[in-house]
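Visitor: For 1-31, the entry in Swiss-Prot reads region 'Disordered'. Sequence annotations record features per position, and here Swiss-Prot assigns compositional bias 'Basic and acidic residues' to 1-14.
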């Protein structure tokens, strides 16, 4: 996928909010995702750590989105919200398997694979590099509103009105045409 064909990020259409810092031991900003975060390989949610968010933050949400998926609407790989404001880090695998690394009270919505939790990168062979946008949202309320059956679109709708700051990391992954 060439730069000219790249689709916008979902929060490009939201009101501007302050930024803060998100880092990861697994998601290299501007680099290539590790196999651990690929659906056909490890399929494991990455480590994420954040800081510098507003003091009035009441909770956090984390998403992983592929705007380049050939669906017309992108592809949501991970949606978790109601992460307590005291939590500033998710360990590797928090959104995978038994979700043992998620803090109490956090809610995982269904991803576009139809399951709750993290679903790794899986671009079609030969479709070029896809961006995987890991976003952490600082939220102005402890409970965002949706429950675990909320769709990514409904969670995103609620985030549109309750995000007070946002940070993201973007990595890419590509499957060659001959795979």
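The backbone N, Cα and C atoms fix where each Cβ goes, and this holds for glycine too.
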Visitor: What are the DSSP helix, strand and coil residue counts for the region 'Disordered' (1-31)?
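Guide: Secondary-structure composition of the region 'Disordered' (1-31): 7 helix, 4 strand, 20 coil.
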Visitor: Would you kindly list the residues that approach the region 'Disordered' (1-31) from elsewhere in its chain, counting only those six or more residues past its ends and only Cβ-Cβ distances under 8 Å?
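Guide: Here the qualifying positions are 37, 46-54, 65, 67-68, 74, 92, 127-136, 138, 156, 160, 163-172.
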